């Protein structure tokens, strides 16, 4: 054939063909229908040795182009854009083309998975294999490069089982959802040796090259981010656009955890210890496994009260929280609680750990009593940072209205002390609620408090109540203890009749 001889004369061996960015592409539109893909675009040539082919037309011509040579064969090419396809006829080589249609094509890629870290470049290489080989291999086939994104949704799930004793995790595949596929590029070669491609919709995101000598195609995915997680399809089609081979190469976007922290909130003596392990900003979800240790020994979470959940932050990655509950005897010292985190992707593994020791608080003893016109609060065995706040009818009182003193050290708990605080009672002839509250514990504000009512009513006092009445009226009734008194009153507005005292027993 004429074309192979011409290309061999130009230096077939060692040539690299580069699919450049859309700056070298004239513009195109591609059908997204993957079941029946139809090419409809104005193709652009792929450069040879970095220089564009000058004789390649701007767009496929609707006219037939004939090329005569000194040989007895005529090579005719017909390009039809109205049918959205290329038709290649070679009258002198019908037998050769007939043989080519029976060739067995295949695509061999150097990997099935590409693990690439965030903001870096992922690469893979695929080789076209045709048995038996011929110079027209590329002319008979089309290569489509299709990207199928996979995204993760933020969900919550309790731990169901341990993969290893004490090792828990959330399977990321449970939360993986495919998105709409996207045709990245469609590559074909005409009988003159020129490679054509559709423009990439992502600018310089994808870089594709072809080596005609080794029949290999390389793909680079630059500046990888979370949206690049998914798999590439390399689809080989025949010149009738029928799919022959479909290879999948998974693009695994990777990000090691940015930080690991253990939070162990304070507890009261005798209450269970609780801890949370927070693994921040990793990818993908499901790549992190958490195990727990208590004083260096394996601690196993309980499925009925412990678990893990995660969420995804756009631009930052996934965050996982794992929890554990441990017993508290109330006698032993608080344990060292450790979280061991293993991040795994393929053959890569990264481990880290964090530790926390919870603070244990002891129950204080409070008592409230009234004496000599004061509400007196006695407190035993509190840490030095604890103070007292008084409330009257649940309203906080200024600290200038009461005083608190240290009365000594606690005999049963080291570095704890005893307090006494008092506030004057209100002599307002009613019942008044007084509350002595301890402030400074890392629990609910009303966790430690005592409340009592001070009864200042006359009946509670058990003494006569003297009422002085000044008035200009007359009154006519007799008072007896225990009676209900309905007394008629005669009011005189001009003069004062008398002053008197009513004594009610």
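All positions are counted from 1 along the displayed chain.
Using the three backbone atoms N, Cα and C, a Cβ is placed for every residue, glycine included.
45 is the residue among 45, 470 that Swiss-Prot describes as N-linked glycosylation site.
Put simply, of the glycosylation sites 119, 211, 353, 428, the one whose Cα is nearest the Cα of residue 399 (N-linked glycosylation site) is 428. Calculated from their C-alpha atoms, the gap between residue 353 (N-linked glycosylation site) and residue 211 (N-linked glycosylation site) amounts to 47 Å. The average pLDDT for the topological domain 'Cytoplasmic' (492-505) in the predicted structure is 40. Within the same chain, residues at least 6 positions away in sequence whose Cβ sits under 8 Å from that of residue 428 (N-linked glycosylation site) are 456. Secondary structure of the domain 'Ig-like' (257-355) per DSSP, as helix, strand and coil residue counts: 0 helix, 61 strand, 38 coil. Residue pair residue 211 (N-linked glycosylation site) / residue 119 (N-linked glycosylation site) shows a Cα separation of 27 Å.
Of all the Cβ atoms in the protein chains shown, 14 others lie within 10 Å of the Cβ of residue 353 (N-linked glycosylation site).
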